[in-house]
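Among the features that TrEMBL reports, transmembrane segment is placed at 61-83, 103-127, 157-176, 197-224, 236-255.
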């Protein structure tokens, strides 16, 4: 019911036609896939039962694929959103025709999603190694490609650490560029024109970095020799809180939208009105 509410209140024609909000729609959809398939349900089931259920290889394979593909897709989409924000604020003429929008806006989104699907399909299903399913461990322990140091290093750096640093640097650069432009032109920046986009993407970026960066730093530490389990509960808590990205990202993206708040108020007013006028049947 929660997912239905999120999708219904965000299905607005203004948002659908606004290029700056298409990535936010992708960020809402990607965690929704986690909710409806294997990632979040399996996590909640493990926390409740203390073991993976159902205890089948198929469940583990689906959990691995959905978890890794969705988790890393969110990071890569956030990184591209940070790049596109510079285009929308300072080079909006690059998107003034349908052909330009296809090449500069839609094609990168499609490439990111296809790359994540293809990369993790190969890693989980086609890399020649033997998977061991440990149902007493969260995530069925791990897919066997994580034992391949070269693949794991590439995955951690390119799909995990690099997007985090790109998001941080690009957001700082955006703030610097806006301030410098304001000083150079000696006029007020048209914040009303870009305020919604900047607030939404900045909120999503900050939320993503808060829960993702510690987890990626921990993964990087393992690759360079830090023994598993050497940090005690810090490891468990870092992994646990990283799951908040899938759970909370749709709400962060929607909660930072003024249109969504207005629509929620309208829904609440209608509900209150219906409740007041509906006769009570004893």
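Just so it is clear, glycine is given a Cβ too, placed from its N, Cα and C backbone atoms.
Those TrEMBL annotations? Automatic predictions, nothing curated.
Counted as Cβ pairs under 8 Å, contacts with the transmembrane segment (197-224) are highest for 236-255 among 61-83, 103-127, 157-176, 236-255. The transmembrane segment (103-127) shares more Cβ pairs under 8 Å with 61-83 than with any other stretch in the list 61-83, 157-176, 236-255. A contact between the transmembrane segment (157-176) and the transmembrane segment (236-255) is absent, since fewer than 3 of their C-beta pairs, 6 or more residues apart, lie under 8 Å.
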